[in-house]
Amino acid sequence: MNILITGGTGLLGQRLVNYLLSKGMSPRLLSRREDLNATVPQFEWDIKNKKVDLNSLENVEVIIHLAGANVAEGRWTKRRKKEILESRIDSTQLLYDTIAKLEHKPTTLICASATGFYGLQNFDHTSSEDEKPGLDFLAQVCEQWEAEADRFKDLGLRIVKLRTGVVLDGSGGALQKMAQPIKYLIGAPLGSGKQYVPWIHWKDWCGAVDHLVKERALSGAFNLVAPQAVTNAQLTRLIAETIRKPLLLPNVPAFVLQLILGEMSSIVLRGHKVSSEKLEESGYRFEYKSASRALFELISQD
Ligand SMILES: NC(=O)c1ccc[n+]([C@@H]2O[C@H](COP(=O)([O-])OP(=O)(O)OC[C@H]3O[C@@H](n4cnc5c(N)ncnc54)[C@H](OP(=O)(O)O)[C@@H]3O)[C@@H](O)[C@H]2O)c1
């Protein structure tokens, strides 16, 4: 199966590329940087100037759209927020306009989104896929991004939206940011520590995407989160236990994080439970249901 991945050079994209290759599929990338000689060819697109190398779409059955400016890099200034939103909306519109002109269209669009779609809820609230979007910045980004993805239905494509939680990966992302201070004995839970972290092991993330690619009757939004909910304090403690370091410091007060990170502090200070039921009922079997098992595997690979 030919699969085109946008944003495939990123943390999740690279994991997914290797996963799909190991399953005998043929991924190729659509990137801001061309490299046609790479083992997995990287075709170029220029989102601003609305240009796409059409060779990238030849015989492609599935598009997995992950591209977008990283939400956890840099303070959320007005300019950065514009980039976070526009990189997702403009790229999805460019894909739409390009595919609309194709005689042989792909059958499926799998588009990234995030559990941030549900917004800032009470810690004990559990979100499932039929819930309305929240009102904060990230929720609005997800809502608009998903709305752009939904337009592909007009072109006859099957649409799947990946409401991904925090992907745990030993080689980068949130886990590295949490584990690093713990290694140097300056780690601590953030804020009250009672906020939930809707997490998923990267292998389950890839497995779930593969499942959603193959099960052609499935469509709509799916939460990509593990079944076991853990709070920030529980996750911090589990990481410390797994790397055998003590937690010596009290919780980092919320106001300190708000001062350092500004509005972006909501990513780490807020969080509630997110249901994995729909994904499980669709037939996906998690390899890592518990955070302790996931962390043991991820950190022992380090
Ligand atoms: N990692 C997580 O825990 C997580 C959780 C929830 C949702 N997600 C979503 O899943 C997607 C993939 O996540 P990731 O962690 O792999 O992201 P990432 O490492 O930041 O990679 C995203 C990729 O998007 C492209 N990109 C970056 N800035 C861009 C811009 N301004 N305009 C257009 N393209 C740009 C880049 O590819 P090129 O340089 O090749 O163009 C980059 O490699 C993202 O949309 C993210 O929001 C991730």
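Each Cβ is built from the backbone N, Cα and C atoms, and glycine gets one as well.
Nobody curates TrEMBL annotations by hand; they come from automatic prediction.
The domain 'NAD-dependent epimerase/dehydratase' annotation in TrEMBL covers 3-215. For 252-295, the entry in TrEMBL reads domain 'DUF1731'.
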Helix, strand and coil totals (DSSP H, G, I; E, B; other) for the domain 'DUF1731' (252-295): 26 helix, 3 strand, 15 coil
Rounded mean pLDDT for the residues that make up the domain 'NAD-dependent epimerase/dehydratase' (3-215): 97
